[in-house]
Amino acid sequence: MTLRKLFFLFWTTCAIGTVTAPVIGFLLKVSGVGGELQIVSQLWAGVMFGAMAQMGFFAYMVFNMVFVGFIRDQRVYQFLQLMVTVLVLSSLVVIQKEHSLLERLIVPATILLAGLIVGRFKVKATNSMSFIPTVFFMTAATSLEAIPSLEQSIPLILLMVISLLICNAWQIMQLHRLLDPVGSQEATSQPSVRSHQPSVKKKNKQKKQL
């Protein structure tokens, strides 16, 4: 991945966070759940959410690169990802001590549902082996990024969690496009086609001479 692609992913993620946070805040306010932040605060919060999503994404990339080098069996690695996913989601229920049991289940259920939906779209875009890693990233990364908001009220928690989910979904769905080698293969194949053209012309000239 080139610096140009990294910069594209960075500014688009921050832009999505900036746009998403005020929209979610407005929807929460209209639905009666509540909206405690003003529009300017929501804009700045959106920028922060996008930056946090970026840091979580790069941390996941480093984590994945290191563990793939240690664990060569893909089934074992995916099983560990499932175990970590369950552990992280269950820890979200324990951390929210100030809320009722029903309120504690809202955040893990929202994150898991979003992870399953994004994982399904990722499979359609790539292959079936990408489902578990996608669900792992969507759940683990979003949960860790959302920890600072878990002691706040439910509207603020939902504002941050949903914004992070959208930013992370954008990043993971762009990853295979940014790493797609098809364009480079087409570029390398074009010179070889051109290199054969002179020989074809020479053969045609020889036939005319005969």
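Backbone N, Cα and C atoms are what each Cβ position is placed from, and that goes for glycine too.
What TrEMBL says about a protein is an automatic prediction, not a curated fact.
These features come from TrEMBL:
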TRANSMEM  44-67  transmembrane segment
TRANSMEM  79-95  transmembrane segment
TRANSMEM  101-118  transmembrane segment
TRANSMEM  130-147  transmembrane segment
TRANSMEM  153-170  transmembrane segment
REGION    186-210  region 'Disordered'
COMPBIAS  186-198  compositional bias 'Polar residues'
COMPBIAS  199-210  compositional bias 'Basic residues'
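Within the chain, the transmembrane segment (44-67) has long-range Cβ neighbours (under 8 A, six or more residues past its boundaries) at 9-10, 13-22, 37, 77, 80, 133, 137, 140-142, 144-145, 159-160, 163-164, 167-168, 171-172.
Highest Cβ contact count with the transmembrane segment (101-118) among the listed stretches 79-95, 130-147, 153-170 falls to 130-147 (criterion: pairs under 8 Å).
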